[in-house]
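Undergrad: After the structure tokens below, expect a handful of questions from me.
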Amino acid sequence: MALMIFSMVFMFILLFKPLVFSMMNKKCLNSTYTSTVKWAFITSMIPLMMYMNSSKEIIILNWHWLTVHTIELKMSFKLDLYSITFMPVALYVTWSIMEYSTWYMKHDPHLKRFLNYLSLFLITMLILVTANNMFQLFIGWEGVGIMSFLLIGWWYGRTDANTAALQAIIYNRVGDIGLVIAMAWFYKNSNSWELQQIFSLGTTSNLPLIGLILAAMGKSAQFGLHPWLPSAMEGPTPVSALLHSSTMVVAGVFLLIRFHPLMSNNSMIMTTILCIGAMTTLFTAICALTQNDIKKIIAFSTSSQLGLMMVTLGINQPYLSFLHICTHAFFKAMLFMCAGSIIHNLNDEQDIRKMGGISKTMPLTASAMTIGNLALMGTPFMSGFYSKDLIIESMNTSNINSWALITTLIATSLTAAYSTRLIYFVLSNSPRCNSVINMNESDNKLTSPIKRLMLGSIFAGFLLSNFIQPVNMQNMTMPFTIKITAMLVTIMGVIVAMELNLMTQYMKMYPNNYNFNFSIMLGFFPTIIHRSVSKSFLNFNQKIATSLMDYMWLEKIVPNAVVMMNNAASATTSTHKGMLKIYFMSFILSMVMLMLIMS
């Protein structure tokens, strides 16, 4: 236990070292960041090996922060299966991304600040994962959010980057409302934010659980709060790789995994998670099919896999969801790094229709992208297979909503379709780019990280699946057709994608084809939420300001009131028409009649 605590403390000291050096204005080489994360990864393997040997969880109570009324806030770390396993995965992936960043961002004048931001991004995620109380978890949660804002908007001179960063932070604020509601409820009812005391409540109200679901929807870009995820591609590619693999987007799913003991017996909450995940995985898979931006295709694949993780939670399998988080991190980071390498060599071209033939000019990148897409599809014996196949089997053998099962199977097939489309357009056929472009992948800072993640994409699933077992015992026997369901839908997706890709070579496409507008326009969510709703509010407020207030004040009350008063006075004074003879005769007649009456 002492060795585990020492290795944890040493790991955090290593991660903070380059940050402290940069604050002290000491010279810190770019390679220092990479080597620091590498040694932190090696150190994090010690608790993992100790846990694999003993299977004992520990809680480290280090420092008493403060006391508010009857609640004590302590800095405490929970080292269980989730945190001990996730730390080496996150550090291994970040080690590769850090080294890749020194190549990708080498011409950026603020590279050291960029590496500091990446380090802080990693540290806040590790704080979130290892937190044993909700206050500490909230610090990591908000830290991940603010670092994503800074990194997505790194190129702050571009309007699109600033808008994307604002989208990310605003959508996450919506999710944060749910987390704050859950924290307030737990504080009121359990008088503690320690996870053990919260779990000891047993049954809880639906309110905090719905708050946790809302928080996960915002952070993990679930259906309804998803538009920020494709927009986040405006940031540098290393940011996309880290954001989508092992930090921010999986934080929401990890939150639900951490609080799964409170939800496991609540059928309404589990069904809600299941339906949200099923809608997300299908909708984003459909959107990925018709995108032409290579980074956005990979981004939508991330969102689809996050939906699959939510579906897994909805069928009461948190361990399988966590296994998919870990295996997904390797090949998703590698796919983004391959995309960045291709974009960099094609002079910032991101349209897959203007690529092609990359396998001949950049063989390592092409091989890595092929392996990454195969792992994403769940090809047997790739890392994605060990989690994805188990998830589909668990869904087939559980009492699941049939709609959610069919939706997830269709999304799995579409995953194979857009992955095949990506390989077909980017890697195969002849080049469709400018022939003057000089392509190369000779830099070790590019090739070494991709090779490391390639190994992880092949072997990580086998290694992790050996000690992350399903929480519920699976059927030892099942029909052969159910056993191969995942493979069948994947093969079907590949065949359909190949047929469609070949068909487009001979089919005349009309420019004004509106059949794909729903998918291309991302279900019209950005148009409706960002344009139509805001425009209607602006028009409504403008009408109140101009048509109601200005019209009443400037036309009815002040100028028109004066005019009306003048008209009334004028009408009153103009009743005398100046007919003196008639007036005099009327006066004489009235006087004569009065005298006659009086006499």
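Quick reminder: no glycine exception, Cβ is built from N, Cα and C everywhere.
Keep in mind that what you see is a predicted model, and the values were worked out from it rather than measured.
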Undergrad: Among the residue ranges 362-382, 530-550, I'd like the one that Swiss-Prot describes as transmembrane segment.
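TA: Spelled out, Swiss-Prot records transmembrane segment over residues 362-382, not the other listed ranges.
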Undergrad: Within the same chain, where does the transmembrane segment (198-218) have neighbours whose Cβ lies under 8 angstroms from its own Cβ atoms, ignoring anything closer than 6 residues to its ends? I mean 6 or more beyond.
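TA: Contacts with the transmembrane segment (198-218): 134, 141, 171-182, 185-186, 189-190, 192, 224-225, 252-253, 255-256, 259, 261-263, 265-266, 268-269, 272-273, 276, 310.
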Undergrad: Under 8 Å between C-beta atoms and at least six residues away from its ends: which parts of the chain pack against the transmembrane segment (478-498)?
TA: 377-380, 388-389, 392-393, 396-397, 409-410, 412-418, 420-421, 424
Undergrad: Excluding the flanking five residues on each side, which residues at least 6 beyond the ends of the transmembrane segment (400-420) place their CB within less than 8 Å of a CB in that stretch?
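TA: Contacts of the transmembrane segment (400-420) (Cβ under 8 Å, skipping residues fewer than 6 from its ends): 271, 274-275, 277-279, 281-282, 285-286, 288-289, 297, 300-301, 304, 307-308, 311, 314-315, 373-374, 376-378, 388, 392, 485-486, 489-494, 496-498, 500-501.
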